[in-house]
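**Q** Among the features that Swiss-Prot reports, (2R)-2-phosphoglycerate binding site is placed at Gln167, Lys341, Arg370, Ser371, Lys392, with the record citing sequence analysis. Taken from Swiss-Prot, the feature active site, proton donor applies to Glu209, supported by sequence analysis. If you look up Swiss-Prot, you'll see Asp246, Glu289, Asp316 marked as Mg(2+) binding site. Feature annotation from Swiss-Prot assigns active site, proton acceptor to Lys341; the stated evidence is sequence analysis.
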Amino acid sequence: MAKIVDIKGREVLDSRGNPTVEADVLLDNGIIGSACAPSGASTGSREALELRDGDKSRYLGKGVLKAVANINGPIRDLLLGTDPSDQKALDQAMIKLDGTENKATLGANAILAVSLAAAKAAAQDQDLPLYAHIANLNGTPGVYSMPVPMMNIINGGEHADNNVDIQEFMVQPVGAKSFSEGLRMGTEIFHHLKAVLKARGLSTAVGDEGGFAPNLASNEDALKVISEAVANAGYKLGTDVTLALDCAASEFFEDGKYNLSGEGQVFTAEGFADYLKGLTERYPIISIEDGLDESDWAGWKILTDKIGEKTQLVGDDLFVTNTKILKEGIDKKIANSILIKFNQIGTLTETLEAIQMAKAAGYTAVISHRSGETEDSTIADLAVGTSAGQIKTGSLCRSDRVSKYNQLLRIEEQLNGKAKYNGRSEFRG
């Protein structure tokens, strides 16, 4: 088996023009694996730490030279001569070297970039596609599925400079027979939505994740214009296409209340749960992410009891891809799904452990990008290699989003029918 002979870190830019970390892992046979760490805007307070320099004279303090130095110094020294295919040992060694609960010493961005780059190098060394190597690491060799894309076509909240409080309004092509057909459906809806917004005299500028970011009369108005676009594209809402929300409610949780400032409404936890329930009764919304604040577990229990039987309730800021927090949620019957983001936890091994724990408990797992992305498409391979069944990777424009969709098209073609697209059955209800 090949050995690691060099590791290189560098500062590159993400899709928001902010620095992030890229790592190369070089093997003794000349193979190089490269990976970039993404970055979030609406972040959970318990996420692993993204190490930034804080030097206001460079990149407004957002430089990552400290994280890069940790890759080129202590992480490189630690991993030289090790086997890149032993992912668990490699990741655990970095976790031990860091020595903190949230990877604050080395930086989760440094550790993650090396973790993923090593996986890519190991896959190449074994002459395997990355998704196949991930399936092996996951203990499910040769088992794959194509994910249903959750396409974020209207952006609000922290992802846009508009008056829409809810962060993401998504369409899911659940009636498609394949991923490629689903991607086409979503793309057609996206273009019809642009026409609907133009006809209303609304902005068609896009947000961080490529969705349109108009000012709207209410959050529900976003659902109305999307419904119109679905119909104009020739699809049936509720059958061909369903809807999903990412409320990112922690971003508008103030003094124990949920403040939808864009439409001048303030709710208690139970009141906001009822508001969301009402939306699910008026529209075919089958998934809601971060419907309540990450610390409002009592509110989450209310929401789960109200609509959890029929609606996928996804914990993002709530669980932060952390098995300790997820286990607590499972034990308390809070939510029924987890959003999976590599950089919330910081290694591939811990990411796989979170997916496995969720599935064992009957929770779904949704693989996700971050709002600050790069051309790195690893999450596409993760979704297929773990048979997660769902992926969130933004809208149908911006290359940082489309790169993941294009990688999924390549994988589907390569697998040639060996990975099923399960559509509506991936969701509850």
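Easy rule for this one: first residue shown is 1, then count along the chain.
Each Cβ is built from the backbone N, Cα and C atoms, and glycine gets one as well.
Keep in mind that what you see is a predicted model, and the values were worked out from it rather than measured.
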**Q** Which of the three DSSP-derived classes (helix, strand, coil) applies to Ser371 ((2R)-2-phosphoglycerate binding site)?
**A** coil
**Q** May I ask for the distance between Arg370 ((2R)-2-phosphoglycerate binding site) and the residue listed as 'active site, proton donor', taken between their Cα atoms and rounded to an integer number of Å?
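**A** Between the alpha carbons of Arg370 ((2R)-2-phosphoglycerate binding site) and the residue listed as 'active site, proton donor' there are 8 Å.
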**Q** Relative to the mean position of the Cβ atoms of Asp246, Glu289, Asp316, the recorded Mg(2+) site, which additional same-chain residues have Cβ within 8 Å?
**A** Gln167, Glu168, Leu245, Cys247, Ala248, Ile288, Asp290, Val314, Asp317, Leu339, Ser368, Lys392
**Q** Which binding-site residues are spatial neighbours of the residue listed as 'active site, proton donor' here, meaning Cα within 10 Å, out of Asp246, Glu289, Asp316, Lys341, Ser371?
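**A** The binding-site residues passing the 10 Å Cα test are Ser371.
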**Q** Helix, strand or coil: which one is Lys392 ((2R)-2-phosphoglycerate binding site) in, per DSSP?
**A** strand
**Q** For Asp316 (Mg(2+) binding site), which of the listed binding-site residues (Gln167, Ser371, Lys392) have their CA atom within 10 A of its CA?
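**A** Near Asp316 (Mg(2+) binding site) by Cα: none of them.
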**Q** Starting from the Cα of Asp246 (Mg(2+) binding site), work out which of the binding-site residues (Gln167, Lys341, Ser371) are within 10 Å.
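**A** If one measures from the Cα of Asp246 (Mg(2+) binding site), the binding-site residues that come within 10 Å are Gln167.
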**Q** Counting only residues 6+ away in sequence within the same chain, which have a CB under 8 Å from the CB of Lys341 ((2R)-2-phosphoglycerate binding site)?
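**A** In sequence order, Pro38, Gly40, Asp316, Val320, Thr321, Ser368, His369, Arg370 meet the Cβ cut-off.
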**Q** Please work out the number of neighbouring Cβ atoms within 10 Å of the Cβ of Gln167 ((2R)-2-phosphoglycerate binding site), leaving out its own Cβ.
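**A** 29, counting other Cβ atoms within 10 Å of Gln167 ((2R)-2-phosphoglycerate binding site).
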